[in-house]
Amino acid sequence: MLTRWFVLWVLLASAAAVRFPGAFTGIRPWIAPLLGLIMFGMGMTLEAEAFRRALRSPVPLALGVVLQFLVMPLAGFGIAAGFRLPPQISAGLVLVGACPGGTASNVMVYLSRGNVALSIAMTTCSTLLAPLVTPWLTLLYARRWLPVDPAALFLSILEVVLVPVVLGLAVKRLAPGAAARAEAWTPAVSVLAIVAIVGCVVALNAGNLRATGPLVLGAVVLHNGLGLALGYAGAWILGQDTADRRAIALEVGMQNSGLGAALAHAHFGALAALPSAVFSVWHNVSGALLAGIWRRRPAGPGEGGRADPA
C-alpha cells in the first residue's frame, strides 16, 4: 500500500508541510540518518547475479554510467544558467544531477520491459562511484553560484551512502535469512523515510514556495525530460537494443533525489534541497508514464521479464 501510492503520500506530506511546517521541521537533524537507512536497505536487496549478468555485456553498462554522469549535471547547469535561477536553486539542481541513479528506476525499467539486470548494475555502479564523482562534478558546475567543498561532499557521501550500502551487503552475506526477512519491510521503510525527508525540505521552504515553487517545478520537469530523452538518444546512437535503451534512459533520467536533498541541505542550505524534493515526486510520475507507454510495445532482447526488479 505504501509503495504503490508513493507519489500520493509525498504530495500529501508536502501539502501538510506547507500548512503545518512546524510539524515537519523537527525532522531536520534526521535527514542524513534517514537517507543512510534507505541506502542500508538498498545494500541488503542488491542482487549479485543481476550485476554479474550485466557484466557479461559491459559496453551497455559503461555507456549508461558515462551518460548518467555526463548528461544530468551538464543539463542541470545549462537549465540553471539559461533561466538565471537563484544561486541556491541552481546549485541544488546541479547537485541532484550529479547524484547517482535511484532504486525506483529499477522498478520502472521492469514495468517498461527494459533490461532490469542492466538497470540494477547501473544503479549499483553509479552509487559506488558517487563518493568520487559527485563532489567533483558539483564543484565543476556549481562553483559559479556558490562555494563548493568537494572534500566535505566526499565525506558526506561516504557517511550516508557507501558505508550503509556496504553494511547492508555485509548483512546480506553474513545473515542471509535476516536480510531476506527484512526485504518484506525495506520498501515501506524507504518510502516513509523519503516522505519524511521531502516533507521536511518543503516545510523549511514553506515561506519561499509561492515565489520559487513554479520555477523549481519547471526546471525539474525540463531536467528530467532531458535526461530521459538524451539517455535514450545516446544509447540509440551507439547501437544498443531497445531493452537496453529503455534501461539507460530511465537510469539517466531518474536520480537518487533523497541523496540530493540531504547533501544540498547540509552543504548549500534548505532552499538548495528544494529541486531534489520536487524531483523525488516528478521523476516517479514521468517514469511511470513512460513505462506504461513502453510496456505496450515489445522490447526484444534483454527485456524486463527476464529479471526481477530490485
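Even glycines carry a Cβ here, placed using N, Cα and C.
Annotation source TrEMBL lists transmembrane segment at 27-46 (among others).
Taken from TrEMBL, the feature transmembrane segment covers 58-83 (among others).
Annotated transmembrane segment per TrEMBL: 89-109 (among others), in sequence order.
What TrEMBL records for 116-139 (among others) is transmembrane segment.
The feature transmembrane segment is assigned by TrEMBL to 151-172 (among others).
Non-local neighbours of the transmembrane segment (184-204) in the same chain are 2-3, 6, 9-10, 13-14, 16-18, 21-25, 27-28, 30-31, 34-35, 37-38, 41-42, 44-45, 103, 257-258, 261-262, 265, 270, 273-274, 276-277, 280-281; each lies 6+ residues outside the stretch with a CB under 8 Å from one of its CB atoms. TrEMBL lists 184-204 (among others) with the feature transmembrane segment.
As annotated by TrEMBL, transmembrane segment applies to 216-238 (among others).
Residues or ranges marked as transmembrane segment in TrEMBL: 259-282 (among others). Same-chain residues lying 6 or more positions outside the transmembrane segment (259-282) and placing a CB less than 8 Å from one of its CB atoms are 7, 10-11, 14, 28, 31-32, 35, 39, 86, 88-89, 91-93, 95-96, 99-100, 130, 134, 146, 148-149, 152-153, 156-157, 160-161, 194, 197-198, 201-202, 204-205, 208, 212, 216-217, 219-221, 223-224.
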Interface-richest range of 27-46, 89-109, 116-139, 216-238 toward the transmembrane segment (151-172), CB pairs under 8 Å: 27-46
Of 27-46, 58-83, 89-109, 116-139, whichever stretch has the most CB pairs under 8 A to the transmembrane segment (216-238): 58-83
Distal contacts, the transmembrane segment (116-139) - CB-CB under 8 A, six or more residues away: 39, 42, 46-47, 50-51, 53-55, 60-61, 64-65, 68-69, 73, 91, 94-95, 97-103, 105-106, 109-110, 148, 150-151, 153-154, 157-158, 161-162, 165, 243-244, 247-248, 250-251, 256, 259, 263, 302, 304, 306-310
